[in-house]
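Look at TrEMBL and you will find B:12-35, B:114-138, B:150-171, B:183-201, B:230-251, B:283-304 tagged as transmembrane segment. Under the heading domain 'ABC transmembrane type-1', TrEMBL lists B:114-304.
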Amino acid sequence: MTQIELRGVQKFFGAVQVIKDLNLKIADNEFIVLLGQSGCGKTTTLRAIAGLETIDEGDILIDGKPVQHLKAADRDIAMVFQSFSLYPHMSVYENIAFPLRATRKSKSEIDQEVRSVAKTLQILDLLAKKPSALSGGDMQRVAIGRALVRRPKAMLMDEPIGALDAKLREEMRAEIKRLHIKQGSTTIYVTHDQIEAMSLADRIVIMHEGVLQQVGTPDEVYSRPANLFVAQFVGSPVMNVADAAVAETASSVSVSVGGAASGFEFPRTLLSKLNGHAGGSLALGIRPEGVLIRRDAADGFMAVETQIVEPLGSFDIVDLKVGSKMLRARTKSGYISGPGEKVFARIDPTQAHFFDKASGKSLEVRL
Amino acid sequence: MAAVRTSSEITFNRVAIVAVLLVTIIFLAPIYWIASTAFKPRNLATTIPPTVVFQPEISPFVKLFTKRSQLRSPPSPEEYAAAPWWERVVFDGGEKIVRDGKGQVQWSGYPSRFLNSLIIAITSTVLAVGMGTFTAYGFSRFKVKGEADLLFFILSTRMLPPVVVAIPMFLMYRAVGLNDTHIGLIILYTAFNLSFSVWLMKGFMDEIPKEYEEAALVDGYTRMEAFFKIVLPEAATGIAATAVFCFITAWNEYAFALIMTNRRAQTAPPFIPSQVGSGLPDWTVIAAGTFLFLLPVAIFTFLLRNHLLRGMSFGAIRK
């Protein structure tokens with residue numbers, strides 16, 4: 001049972017504030033992913049929780065007790081580093097046994113626990129090897145083994161699979177998830193890779209320039225981004241964002257994008273949901289799968305021209321010119337033959353997001 | 001796997017190999033000269049042209065370790081027959097080994113000077129490398145106010161030839177009674193090597209990723225434990241390389257040893273040449289002393305050769 005709480009945490013490096021008033025509650029057994037670009041403060045946050053970095057303001061609580069003045073060794077937390085940080089002069093066995101040797105456990109107890117962790121991670125046959133003789137994936141398994149062996153209150157992982165190649169990364173991702181389900185320990189995982197975040201997290205914490213942007217389940221941050229930063233950071237291909245102008249027509253509401261003469265049709269309820277922001281400066285956000293394309297004209301569809309087609313195997317990404325703006329749409333692969341084709345497009349109102357351009361905040365319009 | 005080479009490159013390569021061999025021969029010549037002279041009979045040591053082929057003898061080493069005097073008359077056959085083999089080789093050279101009233105062999109000054117050299121060089125190396133390692137770790141891992149200035153100050157102690165301060169040092173040492181003491185030379189050589197040791201070790205420490213210690217800190221160890229269990233083993237290469245250099249400096253030091261010591265704590269370097277002036281110079285004995293003096297550094301360097309090679313190229317290659 002381990003809860004971790006950050007209360008008003010602030011951290012400065014000289015004059016630069018790297019963590020700005022961070023508040024976060026992490027529940028027992030939860031898998032939390034800190035997601036953000038490099039330099040956003042996510043790793044500093046993790047290191048502060050581990051006790052490798054001091055904080056200038058606020059509290060870090062583990063199970064309700066403030067720990068910000070405790071040394072790393074006294075916080076009972078394990079950490080997996082991006083560089084794995086396996087001690088090169090020790091064998092795999094000694095590496096995994098190392099945290100146990102800091103405690104007053106007997107040799108046979110240590111041996112038993114090292115072997116049981118090695119069994120879980122399927123690295124029993126590697127125990128006698130030196131880290132330099134291991135592959136990247138095995139190094140990672142050993143690093144995780146070293147973190148798990150002490151049965152810490154919480155596991156911290158700093159881009160643990162960032163150094164691996166793409167295929168191995170996918171395998172290890174699944175393995176980490178499996179392990180978390182099996183072992184069930186509170187885990188904080190730092191990454192800049194949104195796919196990793198989406199696939200692993202119970203909840204994702206998105207940070208930008210030291211400020212927490214949104215906390216939510218993968219589905220929440222994907223389908224209900226709190227602001228423009230989250231909207232564009234999460235999801236691949238990236239969400240289309242364009243300046244939008246809302247105009248009332250006889251039967252419906254028209255939203256024109258990129259200064260185009262005609263607009264996309266939206267239901268009338270949009271006006272009331274925009275709640276007075278209709279006249280202000282608005283940005284429309286729409287994911288490529290929310291831009292619907294067909295070859296023949298139909299009611300509510302607007303004529304546009306295709307510019308570039310990117311075949312991605314399971315689907316194609318098609319760039320459409322709308323006014324001065326490019327909208328990217330997702331289609332079945334091979335649906336559009338190539339650039340310069342006249343097609344008809346529409347925006348799915350249920351997938352549209354509206355943002356206040358000045359603050360970047362979502363207007364929480366759900367149609 | 002060999003890359004493609006043009007014929008001119010191949011020719012250049014061969015010329016370079018010949019040049020390297022020549023330079024190597026020139027560099028090794030003095031060592032050959034000393035080593036061969038150490039095993040020569042006395043009458044062949046100074047021939048012109050030098051004698052290259054000769055029956056090697058052990059007598060220079062026997063003479064090196066013992067006190068001898070000239071024989072006025074050859075020893076009686078009984079005396080010769082009763083003498084052990086090592087005494088006979090001295091008789092053969094027209095000398096006899098000096099014995100005290102109880103018949104005990106009198107040792108020469110060389111063994112004690114050699115021992116002094118060992119004690120002083122090893123102790124000062126351990127101290128310089130030990131303190132250097134701690135200092136370098138501090139500079140490498142913690143924010144030290146005025147770090148650059150302090151490091152420059154440490155380096156600046158090497159910016160003048162040490163001999164410049166020899167006279168003031170001698171006066172200071174005499175005032176506090178440190179001259180001709182082991183501890184005096186140990187302090188001197190440690191101070192001498194410390195700046196070098198700090199700078200070299202700082203380079204090695206910077207190369208050791210911080211994450212290793214951080215992992216140990218999170219694993220439940222204190223910083224001191226992390227230093228001894230993780231950093232020191234990782235720094236072994238650097239420590240070995242630094243130790244070799246410090247040891248060689250302390251072992252070879254001549255000027256201060258000459259000025260600061262005369263008997264009790266005298267090291268081998270000032271002692272060996274001092275033998276030239278005592279009686280007829282016996283070059284074979286001096287060569288034997290020099291040859292033995294070469295050995296510890298050669299052995300020490302040989303034992304640490306793997307560390308040393310890695311140490312020399314450490315940090316040169318980005319991983």
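Including glycine, each Cβ sits where the backbone N, Cα and C put it.
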Ranked first among B:12-35, B:114-138, B:150-171, B:283-304 for CB pairs under 8 angstroms with the transmembrane segment (B:183-201): B:114-138
Range from B:12-35, B:114-138, B:150-171, B:283-304 with the greatest count of C-beta pairs under 8 A to the transmembrane segment (B:230-251): B:114-138
Tertiary contacts of the transmembrane segment (B:12-35) (same chain, 6+ residues out, Cβ under 8 Å): 5, 50, 287, 290-291, 294
